[in-house]
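Taking it in order: structure first as structure tokens, then the write-up.
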């Protein structure tokens, strides 16, 4: 069994359902400390975070490449639906099964073993290697990577490159990597009316009727045209509630929840202003609460993307597509202190599902790609 596969199975065997790390980071810390990494545990409200760094011969003048990821996994769902227990690694049909196999314990193991092989081959490497690991990525993500980034920023620590081990690939290892992500902003809208008997509408004010024209306009609005890297911004309703359940009562208020997925072509302030303008134009009496869970980030083509594309092609023969599709990730936090952030990991077809798995043929090539990037950028 390869070193990467053995470590992957060791991590999968830890039932680290978010935010419980289940000592996964302790396993990683022991391996990193043996390589000469300075390891720091940063705990926050039940969340375990790890910051580990190994400087090269250039000290702080050398380029720093960070590997970022998460030890937490999503809940298993009904155990009886799993073919084999989710926290007992199992091999079937050329695949490794277990919760976290794809998202993202194989990436974590590949980070570690790639670093071990790199340091053994390049003991006098010039640049620095770092690890930023959290147990709060699959949950609220309020005490994980964002807290470590805030701490590093306060210390004046800047990263040059960061690879986030998210499962970005589609059919083959390396066919898709993420060089950016859209931002996410949600709104909770309450439109006020006047409750009354449905037979006497002149004595009431129906908030559903009042909201409907504004809702139609919001749904039809083109928020931007996107750009070279991002599709156009989208606005979608996630929840709409009104009424008491009775058939003869006009409701007193209508509640709407919606979400923007927005690109670098729009700003938080600009989108908020346009929503308020539409609501105000329709004369609504309303309250609107905003929450921004992530800003968009983008890494244009450069040293990191070139190194990663070259490493993937050399290892797998696959031509890589740079993409910004999908949901948010911790890359949105890291981008605050790192100009080049790219996500790359195994295929994502089984993530968060029953019988999550990774094809065994991808395990060592994933490690090799990470090692090749280290060799290109910080040797």
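Including glycine, each Cβ sits where the backbone N, Cα and C put it.
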Please pick, from 9, 157, 166, 172, the residue that Swiss-Prot records in the Zn(2+) 1 site together with 70, 103.
166
Identity of the Zn(2+) 2-site residue among 310, 352 (reference: 103, 138, source: Swiss-Prot)
352
Apart from the site residues 103, 138, 352, the 8 Å Cβ neighbourhood of the Zn(2+) 2 centroid comprises 73, 74, 100, 104, 351
Check: same-chain CB within 8 A of Zn(2+) 1 site center, minus 70, 103, 166
69, 104, 107, 137, 138, 164, 165, 167, 329, 345, 351
Of 137, 138, 352, which recorded positions come within 10 Å of residue 70 (Zn(2+) 1 binding site), going by C-alpha to C-alpha distance?
137, 138
Please identify, from the recorded positions 103, 137, 138, the residue with the sparsest Cβ neighbourhood, meaning fewest other Cβ atoms within 10 angstroms.
138
In which DSSP state, out of helix, strand and coil, do we find residue 103 (Zn(2+) 1 binding site)?
helix
Here the 10 Å Cβ neighbour count for residue 72 (active site) comes out at 26
Give me the non-local Cβ neighbours of residue 166 (Zn(2+) 1 binding site): same chain, 6+ apart in sequence, Cβ-Cβ under 8 Å, ordered along the sequence.
69, 103, 104, 107, 178, 329, 331, 343, 344, 345, 348
